[in-house]
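These notes concern the structure reproduced below.
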Amino acid sequence: MYDEILSAFFEVNDELQSEARCGEKNDRCKTNQDCCSGFRCTKFRRCGRR
């Protein structure tokens, strides 16, 4: 039971962290995971539209 609660907490926390990173479309990135959904890491290492 505690494992389920912790798992749910970390999933929500990851989601909030990713939303926190989504403020700017030109955020620096290394991989597509560093960008929010709908954006990808461009060759200039900035989050841009897909």
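Each residue's number is its place along the chain shown, starting with 1.
Quick reminder: no glycine exception, Cβ is built from N, Cα and C everywhere.
The record in Swiss-Prot pairs Cys47 in a disulfide bond with Cys35, which is drawn from Cys35, Cys36. Out of Cys22, Cys29, the record in Swiss-Prot bonds Cys41 through a disulfide to Cys29. In the three-state DSSP scheme, Cys35 (disulfide bond) falls into the coil class. Straight-line distance linking the Cα atoms of Cys36 (disulfide bond) and Cys47 (disulfide bond), rounded to a whole number, equals 8 Å. Looking only at other Cβ atoms within 10 Å, the busiest spot among the disulfide-bonded residues Cys29, Cys35, Cys47 turns out to be Cys35.
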